[in-house]
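Worksheet: the structure to be examined is printed underneath.
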Amino acid sequence: MRVLGIETSCDETGIAVYDDEKGLLSHALYSQVKLHADYGGVVPELASRDHVRKIIPLIRQALKEANCTQDDIDAIAYTKGPGLVGALLVGACVGRSLAFAWGKPAVGVHHMEGHLLAPMLEEDVPEFPFLALLVSGGHSMMVAVEGIGRYQVLGESVDDAAGEAFDKTAKLMGLDYPGGPRLAKLAAQGEPNCYRFPRPMTDRPGLDFSFSGLKTFAANTIADEPDDEQTRANIARAFEEAVVDTLAIKCKRALKQTGYNRLVIAGGVSANSRLRESLAEMMQGLGGRVYYPRGEFCTDNGAMIAYAGMQRLKADQLEPLAVKGMPRWPLDSLPPV
């Protein structure tokens, strides 16, 4: 089976062609970072319009790079949600239209299931069951994964997601958009133990996250301290360490609760090197293993949508003809495969 994957949930237009025997045949991505930089964040209307401009050229590019035509495509998978409703509708409309015109089946994919399954694109893949930490700009959640579609959300953010906290704190520090990677780069220049930030919700039972208070703590620290480069780097490091420690503490707690010894990290924040190092060290100490996608598949992309969609298509979980985007869509509401 050969699937065309379409991702348009936020500010990246991602197109990919995935073959169940040959693997990933092509992967085309356009990022809107420059478009939104002047606004310090994603502007939904601008994001939707840019998806409209870029999606067809990227589909042509992906098909060309995969050395195939529409006749070689067996099915189409597109991101149905969650995400920005206008952006979702662009991908859904194009995906459904191509499916109708080409006479192919189509399926709407859950964006976070795409992230969760992104490590399956690598050569070394995790076996079920495993614990998944999904951390991005819009979501932070801990999921027990027994199989595809067999998900139990153990904890999630009650306010700001981890990636959102990174971006907002970076903005408070005067860093350009996208703030998360820039804050991490600044933190690498910081000295340890200069500031002690709280580790939110780690002093109580449960696996939920809260990062809004940490962001406020960072804002107060920034306001009270000198505005020189080294001080800013030290604050950035303290903030990053607090987020990473919080995530690691929650992961360790969840692993003990589930009895699993395999951990998957996915989503945009999974590209953070300090987080990867911390969780790898933790899992080594626990006698387990950690898995994550390569850097280009940490952020939104069409490859993960093509792969996740293929699993649904093989189970004959097809979509009706109606075009629908779902800005809110609980991960654990998905049917098993």
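Cβ atoms here come from the backbone N, Cα and C positions, even for glycine.
Over in Swiss-Prot, the protein carries these features:
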type    : residues                                                       : note
BINDING : His111, His115, Asp300                                         : Fe cation binding site
BINDING : Leu134, Val135, Ser136, Gly137, Gly138, Asp167, Gly180, Asn272 : substrate binding site
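Sequence-distant contacts (6 or more apart, same chain, Cβ under 8 Å) of Asp167 (substrate binding site) comprise Gly41, Gly137, Tyr177, Pro178, Gly179, Gly180. Asn272 (substrate binding site) sits 15 Å from Asp300 (Fe cation binding site), counting Cα to Cα.
Taking Cβ-Cβ distances under 8 Å and a sequence gap of 6 or more within the same chain, the neighbours of Leu134 (substrate binding site) are Met112, His115, Leu116, Ser140, Met141, Met142, Val143, Ala266, Gly267.
One way to see the shell of the Fe cation site is to take the Cβ centroid of His111, His115, Asp300; the remaining same-chain residues with a Cβ within 8 Å of it are Glu7, Ser9, Thr79, Met112, Gly114, Ser136, Gly267, Asn301, Met304, Ile305. The binding-site residues Gly138, Gly180 differ in how many other CB atoms lie within 10 Å of their CB, and the one with the most is Gly180.
Across the structure, Gly138 (substrate binding site) and His111 (Fe cation binding site) are spaced 11 Å apart at their Cα atoms. Comparing Val135 (substrate binding site) with His111 (Fe cation binding site), their Cα atoms are 12 Å apart once rounded. Under the DSSP three-state reduction, Val135 (substrate binding site) is assigned to strand.
Over all protein chains present, the Cβ of His115 (Fe cation binding site) has 30 other Cβ atoms lying within 10 Å. The two recorded residues, Ser136 (substrate binding site) and His111 (Fe cation binding site), have Cα atoms 11 Å apart.
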